[in-house]
Structures are given as structure tokens and as C-alpha cells.
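Student: Next up is a structure, given as C-alpha cells.
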Amino acid sequence: MPSLQMLVLFGSQTGTAQDAAERLGREARRRRFGCRVQELDSYAVANLIREPLVIFVCATTGQGDPPDNMKNFWRFIFRKNLPATSLCQLDFAVLGLGDSSYAKFNFVAKKLHRRLLQLGGSALLPACLADDQHELGPDAAIDPWLGTLWEKVLGLHPVPLDLPEIPSGVPLPSTFILQLFQDAPSTVPQESATSSLDSSQLPSESQPFLAPMVMNQRVTGPSHFQDVRLIEFDITGSGISFVAGDVVLIQPSNSAANVQQFCQVLGLDPDQWFTLQPREPGVSSPPGLPQPCSVWHLVTRYLDIASVPRRSFFELLACLSPHELEREKLLELSSATGQELLCEYCSRPRRTILEVLCDFPHSAGAIPPDYLLDLIPRIRPRAFSITSSLLVHPNRLQILMAVVQYQTRLREPRRGLCSSWLASLDPGQADPIRVPLWVRPGSLAFPESPDIPVIMVGPGTGVAPFRAAIQERVAQGQTRNFLFFGCRWRDQDFYWKAEWQDLEKRGCLTLVTAFSREQEQKVYVQHRLQELGPLVWELLDCHGAYFYLAGNAKSMPADITEVLMSIFQEHGGLSGPDAATYLARLQRTLHFQAETWA
């Protein structure tokens, strides 16, 4: 009987926090602790008062926001009416994953740690603030922190001497057993996605809407370095509704060529059917996988073979490998001392799981099918700002998408899974192309009053949510729309040029442009904001304008914030501290909103 039942709860947006949580679960089981690992929002949070030990693993997204799968927990834990002794029996630790190039580095982990203390919890050790910017990645902080954590846990809850630790080279049992069919099943399960839904059941991740793609148009010039697409879907009969600022999630698939190569390397028959049987009670089947399922469906729709493998991938592959030389190399890549080597081999050149398996063919060919779901993460949906309004385009949903492709030292160019897949689809072919999607609220909310002006700063594809907002506002008679748009060249990547100019002529839009490459000195949207400082100040301070920012998260938000602070001081007559207070008030009252991405 395990000496302690641990609980690991995670909030993860891209999978990194989930990977760290699952690592914690494996390390607990090796130390003979019982351990459950689950998403924060799938956990009945009221049960926290009865948990003896919980490790929270949480990422920070956007501008200091919690991941989608912990937002309900976040709202609950910050209720003002929770007693200060709510968690007085709880020992806890917080592992945060963040990126120090963002202003609110690991904000969620820091805030959660403080809140758990306020509610009476006892922290086993200070929060771990892992940094994606570190040259060795998050593990540079996680490795030593975990060492200290286990010392504390084993000190409080020693394991009986007759339960030795399971060595790291011995694989733990797989989560699922794949029970293979001798022949194809007589009845094949229906696709979990659907092309028509009961109006009471809105599309979701567990049941996306299969939307016909009706347009896939390149909107950058033929000589422009980047392929950007305007893609339109028909959502008739879906029950989907959205407003400006909302986001569509799209579930991509692996390419047929990659699926075929993966099956060849692992010796899998794509036409083989199987059912999944969990080894332990309480483990639910993976979302989106039908029962029974074909190997082709599993590899095409579920296994993220085009992602860059994490350290845990190499740890498990080393355990499973029968080939001595390959196993030695895999152990080196998964060791704490081999992280620089792993970074050089995998992270920097963005080598994919499929490419790694091809580099270790003997190990790949010996992977038991039971371990596929433990070894390879699932394909995650990709979020896109909706760039159209239902008031202008009824039963249609549009996105503006840059096709991700870049070169590293590897011969093959690196390609974004979702953008490459969508770009490859041809809506003109005879059979309709259907794409699994669903909609959720975004982080931008626009004012309903027609009198309130809005200032929108959207360079490049960051303009996408603002086109939806402008279409919606103009259709409702709201004309005080100010758009700052930046791109490289007016004849190459000036998205919706004719549409903006028509709205300007009708008096519905004030458009300010910055074409960065058309003069010797580069000009960006922040320069245009500075030039129009008196107007920006008047709109914000005298007319209660809302200010919106969307685009790349690296340097642009900081540059825009710096310009705003300068405007507040120069044209508002505020001191530096007062300008910072003014900006904080705009953010608190949602008069300053940002939606940024890496």
C-alpha cells in the first residue's frame, strides 16, 4: 500500500506544463507514492480541503493569464469569501513555467503561491519559476527544484524500507493497453466531429464542427517572403455564434507522407484496428479518439509526430530500447548533464519526433504499441483570431493565417503543422474539404456604446481581430474607429487595403499606416502613435476611448507601452509614477487590452 497519495494538478496551454506534471507523476510512482495527475479544471476544487499534499504545475500565457484548462479553478480560488483557514491541512508546492521575455514572467505561479498561503496552506519550498528563455530550457530550474521537493516529501512521508525505488532504466507500466483486432470491426464508430449539430449542443473540443472550407486565398504579393492566407469556412447549421474578439480553435492533422513514414519506421499497419483499455481505474479514454480506432486515425489525428520532442520522450524511449548503442545515446540526451547536447540536437534545430525516430531506427522499431500514447503527446488545437463579423458575413467564419515555414541547420525546412495543413487544402476540389473547429471567447472585449471611440494597434496579422471589430461596429453605426496598421510594403502585405480605404471615404474609419521598409529609416506603428500623441491622449482622457493591441508578444507590447507612457507625460502633463498609475487604471478598467502571441 503506498505510504502517501499525492495529487499533481496542472494548467497547461501548449503542453509544457502537462509534460512537467506527468514527469512529477512518474517520479512519485518510482518512489512508491500513489499519484494522480490531472488538469486543474477537471478536478473538483472543493475537495482541496481534504488533500494532504498537492503539487500545482501551471504555465503563464499571454499577458499574465492562466491557461484555458485552469480558468474555472482560478476564478474559484480567488473568491473573496473563502475562509483564511480553508487549506490549513494542505502541504503544497508550485511549479511555474514562463518566459522571461514577457513582462509578467510566471505571474500565474507567483500569484497562486501567494493565494494558497493566504488560505492557510503550508508551502514545502519556494515556487519554482522555470524559464523557457534559459539556454537549457525550463529543466534548468526544474531539475534542482525537484531534488529539493523529494527531499522534503520523503522527510515528511518516508517510504517503507521494503519498497525500494524503481530504477530509472525500468519502464513504468503504460497508461493504456492497445487490444488489437484480428480483422476490421464490423461496425466502425462515427467521427466524433460532426457536420450538423443539435442547436442545444454547441461545437467543442470533444465534438468539433466539421466546417466546409470555401476559400483559401493568398493575400500577400507573389514576391513577399511570407505566405499569408485569408481562409473562410461555412458554419451553416453549426449553432456557432461569435462576436468581435472571439477565437476559433482548429484541430489539425499530420500529412499523409509523415503518417506513412511513421508507420514504416515503427512497423505499424495503418489499417490495424484496436481498442484502448486503461490499466488503472479512473483513467478516462483520450478525448477525440473513437473506440475502436484505427492506427491510421491515431497517427493522423492524434499523435503529434511533427512536434519537437521533450526530454521525457528520450527518457521513455531509452527505457524501451533494446539496442545498446542507441540506448546509451538516448540516456545521455535524457540525463541532467546531457541537456546542452539535447538542446543542440533537438531544440535549436527544431528536430521533430518523427525525425528523431528515424535517427534511432532500432529503438523506434521496438516500441510496444501500448506505449505510443505515453511516448508521443497529442496534437493540440491551434487558436486563431476570427477576422470577420456575422453581421457582414452571415454563416461564415474567416481567419488570417501566416504559413509558418523557416530554415534551421537541418536540410528540410521547418513547417508549422496547422498552417501548412490548412494551406495545403483546396476548397475547389470536387469533395468538400471539412475542417474540425469550434469557437471560444477571446481576451478582447469591445464596448457596446456607439459613442465610445476605439484605438486599435495591429501590425501584420495582428490586425485580424480588429477587422472583425470594425466590421461589427460599422454595421451597428459605430464610426469612431482608429486603426494603426503596420506592415513592410504597401504593395505586398497591406491586408484589406481597399476595404480600409472604402471605410475611410465613408467616414467610418481613421486609418494610420506604417510601412517599415519603404524608407531608409524603419517606421513602425509605435512611431505613428508618438506622432499622433495629442490625439491619442485626447481620445483616452477626454472621450473614454478603449485602447487595443494585438500582435507579436516579444518586443511590440513593451514598445507600445513605452510610447503610451511618453504620451501621458508629454501631452497629459503626468509625472513618471502618475503615468504608470494611469496606465494601470486603463488596464484595470479594460480600457487597455492586449492579445499577443509568441
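Cβ coordinates are placed from backbone N, Cα and C, and glycine is handled just like the others.
In TrEMBL, annotation is done automatically, which means it is predicted and not curated.
Take a look at what TrEMBL says about it:
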type	residues	note
DOMAIN	6-150	domain 'Flavodoxin-like'
BINDING	12-17, 59-62, 97-106, Asp132	FMN binding site
DOMAIN	206-448	domain 'FAD-binding FR-type'
BINDING	Arg350, Arg382, Ala383, Phe384, Ser385, Gly416, Leu417, Cys418, Ser419, Trp597	FAD binding site
BINDING	Thr461, Ser516, Arg517, Lys522, Val523, Tyr524, Val525, Gln526, Asp559	NADP(+) binding site
Student: Quick check: of the binding-site residues listed here (Ser385, Leu417, Thr461, Val523, Asp559), which one has the Cα closest to that of Tyr102 (FMN binding site)?
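Tutor: When the Cα distances are compared, Asp559 comes out closest.
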Student: Validating a neighbour-count step here. Other CB atoms within 10 A of the CB of Asp99 (FMN binding site): how many?
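Tutor: For Asp99 (FMN binding site), the 10 Å Cβ neighbour count is 20.
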Student: Sequence gap of 6 or more, C-beta under 8 Å: which same-chain residues meet both conditions with respect to Leu417 (FAD binding site)?
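Tutor: The list for Leu417 (FAD binding site) reads Pro252, Asn254, Asp304, Ala306, Ser307, Ile379, Arg382, given in order along the sequence.
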Student: Nearest to Ala383 (FAD binding site) by Cα distance: which of the binding-site residues Gly15, Asp99, Phe105, Asp559 is it?
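Tutor: Minimum Cα distance from Ala383 (FAD binding site) across Gly15, Asp99, Phe105, Asp559 lands on Gly15.
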Student: DSSP says what for the domain 'Flavodoxin-like' (6-150): how many helix, strand, coil residues?
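Tutor: Each residue of the domain 'Flavodoxin-like' (6-150) counted once, the result is 58 helix, 35 strand, 52 coil.
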Student: So which one is it: of the binding-site residues Tyr102, Phe105, which has the fewest other Cβ atoms within 10 Å?
Tutor: Phe105
Student: 10 Å Cβ neighbour count around Asp559 (NADP(+) binding site)?
Tutor: 15
Student: Could you pull the average pLDDT for the domain 'FAD-binding FR-type' (206-448)?
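Tutor: Its mean pLDDT is 94.
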Student: Taking the Cα atoms as reference points, how far is Gly15 (FMN binding site) from Val523 (NADP(+) binding site) in Å?
Tutor: 37
Student: Between Val523 (NADP(+) binding site) and Ser12 (FMN binding site), what C-alpha distance do you get in Å?
Tutor: 37
Student: Which entry in the list of binding-site residues, Ala383, Val525, has its Cβ near the fewest other Cβ atoms, using 10 Å as the limit?
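Tutor: Counting other Cβ atoms within 10 Å of each of the binding-site residues Ala383, Val525 gives the minimum at Ala383.
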Student: Can you tell me the CA-to-CA distance separating Thr461 (NADP(+) binding site) and Ser385 (FAD binding site), as a whole number of Å?
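Tutor: Here the two Cα atoms are 9 Å apart.
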Student: Can you figure out which of Ser12, Asp99, Val525 (the binding-site residues) comes closest in space to Ser419 (FAD binding site), comparing Cα atoms?
Tutor: Ser12
Student: Let me check the 10 A CB neighbour count of Val523 (NADP(+) binding site). How many other CB atoms are there?
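Tutor: I get 16 for this one.
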